[in-house]
Amino acid sequence: MAPAHADGPANPLQATDGFYADPDSNSAQWVKDNPDAERAPTIKKEIADKPGALWLGDWTADPKAAVEAYTKAAQAENKMPVLVTYNIPGRDCKGESDGGADSPEEYRTWISQFAEGLGDRPAVVILEPDALAQYDCLPDQGPTRLELLHFASDQMAGHPNTWAYMDAGHSSWIDSGEMANRLKQVGVEGIRGFALNTSNYQTTEDSVAYGKAVNDAIGGTSHYVVDTSRNGTGPKGDEWCNPEGRKIGVPAQTSDDADMLLWVKNVGDSDGDCGLGEGTKAGDFTPELAMHLITGE
């Protein structure tokens with residue numbers, strides 16, 4: 001079904017039939033490489049065959065070609081692709097996912113090439129997870145970060161069949177009024193809206209309540225999506241890095257409150273060398289983490 005807020009000059013959901021499952025995702029690749037593993041059928045059914053998102057960042061040397069190839073593959077199946085940009089300078093504030101473009105100039109070039117790859121094909125784009133919520137962590141870079149995020153919004157706005165959402169943290173992080181103020185500073189009015197709970201564990205109920213509060217503070221004119229990839233049992237306190245006892249949430253679908261509930265985080269990919277992912281790097285897929293999220297153990 002189409003979301004309740006599918007108004008505006010273009011609705012890419014009306015041009016597609018469901019969401020795209022990446023045949024080359026980390027989980028799908030693991031299944032291909034380990035066809036005889038006891039866990040392979042379960043991981044294939046519960047994770048690899050489900051629609052997720054393609055993350056692009058400083059490891060993506062040619063973002064235009066990568067985006068073009070991915071969106072064309074999705075279009076060939078009449079499915080909606082979900083893509084994530086993760087390349088802001090100073091990414092993750094020197095945390096487990098440290099990295100990003102080496103300079104503002106490099107980022108502007110990179111995000112411009114990313115946008116060129118979209119063409120007029122339908123797409124959902126999540127812009128720069130954590131960048132706005134972590135705005136205070138690098139105070140000297142704060143104004144530049146806001147300018148770069150606004151630049152990213154402007155690049156997406158030129159593609160009417162792309163619904164872009166600026167990442168806005170999660171419901172237990174930044175006050176809704178403060179987040180609304182930050183979103184307005186980076187041009188949220190020029191794109192579809194904002195994204196919540198990316199790679200986190202907050203419940204859909206809490207995320208929707210927060211999304212409504214943020215939208216009200218913006219002026220009631222925006223829209224939002226929620227990452228449900230790992231929120232099936234909600235958070236474990238304030239633990240964010242591979243906590244135990246978490247479970248996958250509902251798969252990608254449209255929603256009456258949020259525009260969409262999506263698997264933005266790729267299930268089974270580690271948050272870093274911590275929790276159940278001890279000894280792994282952020283972004284590594286491990287079947288152990290995947291099974292923990294399938295079983296909730």
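Every residue, even glycine, has its Cβ placed from backbone N, Cα and C.
Positions annotated as active site, proton donor by TrEMBL: D130. Secondary structure from DSSP puts D130 (active site, proton donor) in coil.
Residues or ranges marked as active site, proton acceptor by TrEMBL: D271. Shown in sequence order, E96, S199, W240, C241, N242, G277, A282 are the residues of the chain, 6+ apart in sequence, with a C-beta less than 8 angstroms from the C-beta of D271 (active site, proton acceptor).
Other Cβ atoms within 10 Å of the Cβ of W240 (substrate binding site) number 19 in total over all chains. Summarising the annotation, TrEMBL assigns substrate binding site to W55, H170, W173, N200, W240, K265.
Summarising the annotation, TrEMBL assigns region 'Disordered' to 1-37.
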Largest tally of Cβ atoms lying within 10 Å of a Cβ, found at which of the binding-site residues W55, W173: W55
Cβ neighbours within the same chain of H170 (substrate binding site) - under 8 Å, at least six residues apart: A133, L196, N197, T198, N200, Q202, S207, Y210
W173 (substrate binding site) to D130 (active site, proton donor) - Cα separation in whole Å: 10
Coarse DSSP state, helix versus strand versus coil, of W55 (substrate binding site): strand
Distance, D130 (active site, proton donor) to K265 (substrate binding site) (CA atoms, angstrom): 13
